[in-house]
Amino acid sequence: MLKDQNLDIERKQDHIEINLTQNVESTLKSGFESIHFIHNALPELNYDSINTTTTFLGKSLQAPILISSMTGGTTRARDINYRLAQVAQKAGIAMGLGSMRVLLTEPDTIKTFAVRHIAPDIPLLANIGAVQLNYGVTPKECQYLVDAIKADALILHLNVLQELTQPEGNRNWEKLLPKIREVVHYLSIPVIVKEVGYGLSKKVAESLIDAGVKVLDIAGSGGTSWSQVEAYRATNSLQNRIASSFINWGIPTLDSLKMVREVSKDIPIITSGGLKSGIDGAKAIRIGANIFGLAGQFLKAADTSESLLFEEIQLIIEQLKITMLCTGSRTLKDLAKAEIRL
């Protein structure tokens with residue numbers, strides 16, 4: 001057990017370091033570069049009237065932005081999560097925590113995840129890999145993770161390709177959907193299912209919605225490639241070559257968003273995966289997202305300072321607001337109907 005615990009911590013340290021120092025982007029594009037808003041030269045709007053507010057999980061957001069799940073479990077991760085939480089609270093946006101599996105075996109790591117005292121008002125998301133349900137994690141333990149950080153929802157992340165290219169990855173993905181359904185019905189709060197950078201297909205979205213999942217985070221291709229992250233962690237050339245061969249794998253984020261929105265007009269969708277700016281976020285809202293998530297650039301900023309992170313989030317919000325004004329969109333509902341060309 002101790003060996004497994006140490007491996008969890010080591011893996012989390014590796015993931016932070018690799019994401020900060022190596023190029024681990026997918027060679028696929030997110031797809032949003034193919035969408036262009038029709039510029040409105042006479043918007044008849046006052047910038048001060050632009051309204052980016054929305055609601056998510058019953059809470060108000062000042063902008064439709066999620067700091068996507070990144071890390072936890074280590075001292076460096078604690079510092080990063082504290083900065084993320086401080087800035088999320090200040091900016092009025094949502095935040096996801098990194099995988100909390102380590103908390104089930106290392107209770108002391110709670111201090112690296114517990115940020116509710118820093119961010120009392122924002123939607124806060126607990127997180128664990130869905131495949132862990134095939135390796136002994138129970139619905140009761142999922143509720144424990146939620147309670148431990150006073151979360152508003154639980155993310156069950158789907159990372160099959162990452163696990164299969166990871167030296168110590170889990171390989172049994174059989175009969176997982178019934179276990180997801182069981183967690184959905186057991187928990188006192190909503191379950192979000194999230195991909196980690198390869199997208200959700202129409203078929204998978206249909207299955208998850210049927211299982212009672214309340215929110216989908218499509219996390220398509222175009223951003224971080226976790227198989228490429230694992231290529232840097234490989235302990236031999238064969239593992240490296242296997243992982244590296246999947247750098248262009250997945251469903252581009254735009255395609256995944258269209259697929260999932262076709263399945264349901266109503267389910268809340270978080271769009272992440274390769275979004276680089278508030279302009280990309282605006283495009284995601286236009287195509288059908290409720291909120292949009294970013295991770296990589298926030299991680300780099302948060303590893304440096306709270307002020308740099310806040311500037312990065314201000315940049316995203318300002319880009320979003322300018323896009324709204326230049327499309328004649330006073331609200332996010334207006335933005336969802338803005339003119340575009342493909």
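Positions of Cβ are set from backbone N, Cα and C atoms, glycine also.
Checking the candidates Ser34, Ser99, Ser329 against Swiss-Prot: the one annotated together with Ser68, Ser69, Met70, Thr71, Asn127, Lys194, Thr224, Gly274, Leu275, Lys276, Ala295, Gly296 at the FMN site is Ser99. Here Ser99 (substrate binding site) is positioned 12 angstrom away from Lys194 (FMN binding site), judged by their C-alpha atoms. Reported as a whole number, the C-alpha separation between Ser99 (substrate binding site) and Glu163 (Mg(2+) binding site) equals 13 Å. When the Cα positions of Arg11, Lys12, Ser99, Met100, Arg101, Gln162 are compared pair by pair, the longest gap among these substrate-binding residues is 17 Å.
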